[in-house]
């Protein structure tokens, strides 16, 4: 058919659009993806008809669907649809703004060309909702920009025959020569407006503008080179000589008013909703996480109001303004992530993130220290700096799934698409042992797995098989590259094998993961616990539906040396949770439905009571990890979503969760619960598997990977100490020391 790649992709778009049409025709309200697909696909059909213009289609796209034809959240999520179509005069871009703006769409247009029946309007019900995904509850009060800086008001006249637009951080004395104003008074000043905005002077315009002194080291660079260098009142005569010599418009303005920001007349204030629309929410604002009932409150914003970093045409991060001039590459960031809302086990805050050499070198305020206040010494934005704009976005550590059956390489794509960037597990591919257990048994297989996954853009760690009562064979697999050992009941998780495996692991300082004995063949849960001999061990699916001593494996969650985790098929306990499990288990573990003992074995693992209890134990912090058990009952792409489903269910069921020492009315947010749950797929599995020095949190000295718009930020900590009172987690918490070597302590049971 001689299709170019974009045409092949449009076939997938057409299929999605036609599916959406079929659902619409039977009276279903469309979700976000369906709405986008239908609008885009129909626009392309109208383009193919050949009788409509771009402008006509931009208007037509807003008529296809109404609020009653889509799910309640869609109008709040779908702001723009863009699609390219081939007109008679070439390929053109059609942009539909606010595509869901009517109460009812035109069903005949929406189904045009599909030959599907047009549903009656009565089939669709519902409308606006009070709660919507990602909504922000703003704190009270207005934000004052450039507080306490010197300010003055000047008259400016544009004598050019063209418009002139001056950005917030442009050195005003350097402005267009055709602008006439008192340049002597403007020395060391810039516009007192919202950072990243501008003032436009049309030809002949005369405006009064308020200027404020620049911040930081007060050094002028760039522009027209009129006042190059540190601000120095003794140099004003020399500067004015350059102004006159270069025919820059200047006129004394003796009526200029002077004062300070905060006095009232000179203040530039902005309401919090407008501020958030530009830079994202700030201190005291609360964000609804997705469509849950969880609200994250910004605890601290490292921005200096009025000196925010923002990139784009006429914005802040330009030469001599937000971008520093004259700094060597060694002093500047490689990349700065601007205005990111960070949600991490360490806290919830807003900051710029500085990256150098692939590592996070600082978190705080980035920019140009010559003109901005509060710029971190390791966060200078210079000519060698790239920008990732994160206004209105949330940055977290990349997710970690520490229970993965490596059956096929497609796992990696599914993981990355969901926000998972580190995988721990075992296997050799689509073998029966791999489908049931996360073990890579032989050194040759370990070599092949390491080689075959080199090209996948994701971190991967492999565990060897640990099921043997003698040490022979275990050292070989560890030396071949195993980062840990796995004990699985399908290979025989006997007390002798457990004891031996833990002994070898202690010799090599690696982790042991265990899937205990559902059969209770060699003993019950207490006998397995005794075999641990107070040594640290990670117990997979500690509730038991994924396998383990029936019916009371959940008891391990109270053992101090046990690091318990869950797998996501039982997260959270809902209407259909139990019903899917029996057949799923029979397939995964190579059981025969014609053998009564196999069926009894499977049924003994599925218990509604312990699955319900698992929810509560997660909310208490007694279970500290959620993983997938991918393709061997679990779903690798749903680790993160099911974690937050559990958190949301627990808020509905148990109310707001408070930290140690907090009263019931201490905080009107869910920060404590959010920090607890994000730790379940970031820092906690990183600590348990021994690589928290490199991944698991948003902290200084970290690797960063961006893939499919998923920010993957991992950390390298500099010090380690053992904390007391960690009975529920029994872990070593790595922390970052400040320059003053002051230690910040976390209550581990609360955090985990």
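Each Cβ is built from the backbone N, Cα and C atoms, and glycine gets one as well.
Summarising the annotation, TrEMBL assigns active site, proton donor to 589.
The Ni(2+) 1 binding site feature in TrEMBL is assigned to 403, 405, 486, 629. The number of other Cβ atoms within 10 Å of the Cβ belonging to residue 486 (Ni(2+) 1 binding site), over all protein chains shown, comes to 31. Under the DSSP three-state reduction, residue 486 (Ni(2+) 1 binding site) is assigned to strand.
The annotation domain 'Urease' is assigned in TrEMBL to 398-700.
Positions annotated as N6-carboxylysine by TrEMBL: 486.
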For the recorded Ni(2+) 1 site, whose residues are 403, 405, 486, 629, find every other residue on that chain with a C-beta no more than 8 angstroms from the centre of their C-beta atoms, and list them by sequence position. 404, 425, 426, 437, 438, 513, 515, 540, 567, 627, 628, 630, 632, 634
All-chain count of other Cβ atoms within 10 Å of residue 405 (Ni(2+) 1 binding site): 26
Name the residue among the binding-site residues 403, 629 whose Cβ has the smallest number of other Cβ atoms within 10 Å. 629
